[in-house]
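These notes concern the structure reproduced below.
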């Protein structure tokens, strides 16, 4: 765990301590100091002081754990929501990093299919848990709106705003009813550009649509205007939700198709990083100039060094000499497969050879992809070697996380498995502790802000909290989509559907368990309807299509404001709540 990663956490804690130290705390037990027996008007103003102090006492908030800062003002709670929300974001980041390191040790099967999806949904589940487990039953009944808001908000955000954004950034030209990899010439054509996915992604969408079944079951008593069967319906829905959750995790363990497809993608990245490092090692100068343009002189020398027969074409045999030495055995990839991947990216003329122009264009495209993967601009410069090293190490790590099987070779490939295991455990522990400690203060801040502004807590948690708990998933999905390939688009949308499935099963199970255990009333008809509409619409859309023209993102984007308006109208116009 790097020191830099802890710096934002320490800064936030310092600010919280400063906010706490600067707030005047009224002690009710000191009120007797002002009881001098004087009634009526007083020239000393003591009575006014007593009234002012009592007013402050009535406005005083209850501190989480007795020491964390709190306030009743709207602006103060905005600050606290930002601070606690960022801490929850850090928790999600630490959990993700720790789980990836754990994959490096134990392999993908059981860990990738069972443990990691649960860890990914842990921050959401923790917030839902604390929203209904603390305080009296009456307080819990009012606070659980934060939990249902987060559950609905996470699902809607992933399937609308993030889904639509991925469709836009990953768009390619559609020809013969399919998007063409890396070809994007039609701009924002609603019918001429879009993304294509494979059939496995459609299966992921189907699974997501099925995951809404517990929502339908728990809502049945309201549909039939029955009050006697609500508690039983919650229990039945909880059992169904847990059963589906276990079934989904086992499916991921024994059919790890998402991990298999990502493994293929990592192999391709390994070829890119290996060849670029090889070229950089043998180049007599930088591959790119200070202005970010290809250094044609250096690239031409490299090309002619590889072109042994001098025919200005790189043949299969010459490409074989290029891929030798990049340690393809690390990823169980044959030389012929590596050559095929090079030709696929370089050979734009489709003559089964690579000329000088194709070689320079291909190297430039690969270098831009390397820099993009590091979150940098697409302008390559003198620091190219740094990005190549980072990209290569990232590729090796990703491959070890996504090995083809669970053999002991994965464990043996780790340089220091004990150190890696300790680091993974510490990251998982830190992420879990942060999520557990700051979930309750975040829920309190949302409720206090709701009281100060008269804005229903559902809408605050619907809009704000998913940004804290799902940001890493959203950024990862968008970055993958920018690859503009069917393979990366398939993985992107599959992971979005998978994240929503875990929300609908794990988070709903936690929520239903709270409602049942505490005897709370299930009165979330409008919220359930929103989840059903969004999941079914996007699930059916993803199930029946493998190509999504750009107009489909308009459906996704429209569903987000539609969801907010629908809840408001049903609850505050028709009185569903």
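Glycine too: its Cβ is placed from the backbone N, Cα and C atoms.
All TrEMBL annotations are machine predictions without curation.
Annotated features, as they stand in TrEMBL:
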type     : residues : note
SIGNAL   : 1-21     : signal peptide
TRANSMEM : 74-94    : transmembrane segment
TRANSMEM : 101-122  : transmembrane segment
TRANSMEM : 142-163  : transmembrane segment
TRANSMEM : 200-220  : transmembrane segment
TRANSMEM : 232-254  : transmembrane segment
DOMAIN   : 294-329  : domain 'EF-hand'
DOMAIN   : 334-369  : domain 'EF-hand'
TRANSMEM : 424-443  : transmembrane segment
TRANSMEM : 455-481  : transmembrane segment
TRANSMEM : 493-516  : transmembrane segment
TRANSMEM : 522-541  : transmembrane segment
TRANSMEM : 548-570  : transmembrane segment
Worksheet entry | Winner by Cβ pairs under 8 Å against the transmembrane segment (142-163), considering only 74-94, 232-254, 424-443, 455-481 | 455-481
Practice prompt. Rank 200-220, 424-443, 455-481, 493-516, 522-541 by Cβ pairs under 8 Å to the transmembrane segment (548-570) and hand me the top one.
Written response: 522-541
Worksheet entry | For the transmembrane segment (493-516), distant same-chain residues with Cβ under 8 A (at least six beyond the ends) | 117-118, 120-121, 124-125, 128-129, 131-133, 140, 144, 147-148, 150-151, 154-155, 158-159, 162-163, 166, 195, 197, 200-201, 204-205, 207-208, 211-212, 214-215, 218, 231, 234-235, 237-238, 241-242, 244-245, 248, 258, 261, 470, 473, 476-477, 480, 522, 531, 535, 539, 542
Practice prompt. Using a Cβ-Cβ cut-off of under 8 Å, list the residues of the same chain that are 6+ residues beyond the ends of the transmembrane segment (455-481) and lie near it.
Written response: 81, 85-86, 88-89, 92-93, 96, 120, 123-124, 127, 143, 145-150, 152-154, 156-158, 162, 165-167, 169-170, 195, 372-373, 442, 446-447, 449, 488-489, 491-492, 495-496, 499, 527, 564, 567-568, 571
Practice prompt. May I ask you to check whether the transmembrane segment (200-220) and the transmembrane segment (522-541) make contact, with contact taken as at least three Cβ pairs under 8 Å and only pairs 6 or more apart in sequence counted?
Written response: yes
Discussion item. Do any residues, 6 or more residues outside the transmembrane segment (522-541), come within under 8 Å Cβ-to-Cβ of it, and if so which ones?
Written reply: 148-149, 151-152, 155-156, 159-160, 163, 205-206, 208-209, 211-212, 215-216, 218-219, 222, 230, 233-234, 458, 497, 500, 504, 515, 548, 552, 555-556, 559, 563, 566-567, 570-571, 576-577
Discussion item. How about long-range neighbours of the transmembrane segment (74-94): same chain, 6 or more residues beyond its ends, C-beta under 8 Å?
Written reply: 1, 8-9, 12, 15-16, 19, 120, 122-123, 127, 427-428, 430-432, 434-435, 438-439, 441-442, 445-446, 448-449, 452-453, 460, 464-465, 467-472
